[in-house]
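Novice: Below: one structure in C-alpha cells.
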Amino acid sequence: MSFYFNVYSAVLLFGFLQGWIYALLLWIRGQREGRLSDYLLGWVLVALCFNIWVYMLGFGGVEILWQRLNFFPRTLSFLLPPLYYFYLRSQFDTGFRFKWRDLIHVAPFLLEATYRLTIFAGGPSFVHYWEKTFHGPWHLDDLLFVSSTAQHVVYLYWSFRLYHHYRSWVKTQFSNVEPVSFRWFRNFLIALSLLVSIDFLVTVVDLWLNLSFWQDWWNNLAGVILIYYVSIAGYAQRQPGRQLTFSDSGSANPASSSDEVQKKTPATANLDQDRIYQQVLNLMDTEKPYLNPDLSLPDLARQMKINAPTLSLAINVGSSHNFNDFVNAYRVSEFKQQALLPGNAHLSLLGIALECGFNSKATFNRAFKKLENQSPGEFVASRNLDQ
C-alpha cells in the first residue's frame with residue numbers, strides 16, 4: 001500500500017499532519033499544566049483531521065477504507081460539536097469538570113459508531129447485502145448527514161450564546177478584557193459555521209449534479225485551512241494570569257440584572273450599596289488603582305475587604321456601568337489631564353495612555369471613543385486650538 005503524492009493529496013496530507021502534531025503538543029501541555037481545555041482542543045483538531053482523511057486517502061490512491069474497512073466508522077463528525085462546545089466551557093471556567101449527565105452529549109456519536117461497527121462485524125458479504133438492501137434504499141447516509149448538520153447548528157448556537165454571555169460577564173470582572181477575550185475562538189465558530197453551510201450546499205448540489213470526487217476537493221481544502229487556523233491560534237492563545245470562573249447563568253446583561261435586583265432589594269440594602277459605592281469613588285480618587293492595567297473586580301474587592309458580587313452590584317447600580325467601563329472612565333479622565341500637561345509634550349498619546357492604565361492602543365482608542373465620542377487625537381487637537 002503506497003501513498004500517491006499529487007497536488008490534491010499532498011495539501012490534505014499536510015493539513016492532516018499539522019492537526020495531529022498540534023494535537024500532540026496540546027495534550028503534552030495539558031498534561032504538564034493540568035489544563036482540560038488543551039486536551040479538548042487537541043481532540044477538536046483530531047476530529048477536524050478525520051473530516052478530511054477520507055478524501056486524503058482517496059486522492060492518494062489508498063483504498064483500504066473501501067476494500068477492507070468498508071462501513072467501519074471513518075469520522076468523528078458527531079463528536080466534533082460537543083468537543084468545541086466543552087472546550088469553550090473549560091476555557092471560561094478553569095474549574096470545569098465533566099459530570100455523568102454530560103454523557104448525553106456523546107450519545108449521537110456512540111449510536112452511529114455502534115450502528116456501523118455492528119454492520120461491519122458481520123463481514124464483507126453482510127456489509128454488501130446491508131448496503132444494497134437497507135442502507136442505500138433507505139437513504140441512511142443522507143439521514144446521517146442531515147442529522148450531523150443539525151447537530152452542528154444546535155451546538156454552534158449554544159457556543160455563540162455562551163461566548164456572548166461570557167463577553168458580557170468578563171466586562172464586569174476585568175478592566176483589561178483583551179487577554180481573556182478569546183476572540184480567535186469566535187472567529188473559529190464563524191469559520192466553522194461557513195464551512196458547515198458550504199458543506200451542506202455542496203452536498204445538495206452533489207445530489208442534483210452528481211459532482212465528481214475531484215470537485216469535492218475544494219470543500220476539504222477549506223477544512224485544511226480551518227485546521228491550520230485552529231492549531232496555530234489555539235496553541236498560541238495566551239492563558240489568563242488568573243483562573244476564570246465563568247458559569248453561564250443565562251444572563252447576558254449584567255446591568256439589567258442589577259436593575260432587577262435593585263427593585264427587589266430592601267431600602268437598608270440600598271443604603272449599603274450607596275455606602276460601598278461612595279467608598280469605591282473615594283478609593284479611585286485617592287489611591288488610583290485604575291493605573292494598574294491588570295486591575296480586576298476581585299482585586300478591588302480584596303482591597304476594600306468586601307466580596308466581589310457585592311462590589312459589582314454597587315458599581316453597576318451606582319454608575320450604571322459595568323466594571324470595565326467604570327474603570328476605563330477613570331483612565332480616560334486621567335489621560336485627558338495628563339495629555340494637556342506641558343511636561344508630557346514629549347510623550348506620544350499611546351505612551352500617556354499606557355501610563356494611565358491602558359494596556360494597548362486598540363483598547364485605549366475604543367474606550368476613549370465610546371466615552372468621549374471622539375478620538376484621542378481629535379480631543380488633543382481641539383484643546384490645542386482652544387489655547
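Just so you know, glycine gets a Cβ as well, placed from its N, Cα and C.
The transmembrane segment annotation in TrEMBL covers 6-28, 40-59, 71-88, 109-131, 184-205, 217-236. Residues or ranges marked as region 'Disordered' in TrEMBL: 245-265. Residues annotated as compositional bias 'Low complexity' in TrEMBL: 247-259. Annotation source TrEMBL lists domain 'HTH araC/xylS-type' at 274-382.
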Novice: With Cβ-Cβ distances below 8 Å as the criterion, list the same-chain residues six or more beyond the ends of the transmembrane segment (217-236) that contact it, or say none.
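Specialist: For the transmembrane segment (217-236), the nonlocal Cβ contacts are 8, 11-12, 14-16, 18-19, 21-23, 25-26, 29, 41, 44-45, 48-49, 51-52, 55-56, 59, 184-185, 187-188, 191-192, 195, 198-199, 202.
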Novice: Using Cβ distances below 8 Å and needing 3 or more such pairs, separated by at least 6 in sequence, tell me whether the transmembrane segment (109-131) contacts the transmembrane segment (184-205).
Specialist: no
Novice: For a three-state summary based on DSSP, what are the helix, strand and coil counts in the domain 'HTH araC/xylS-type' (274-382)?
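Specialist: Here the numbers are 82 helix, 1 strand, 26 coil.
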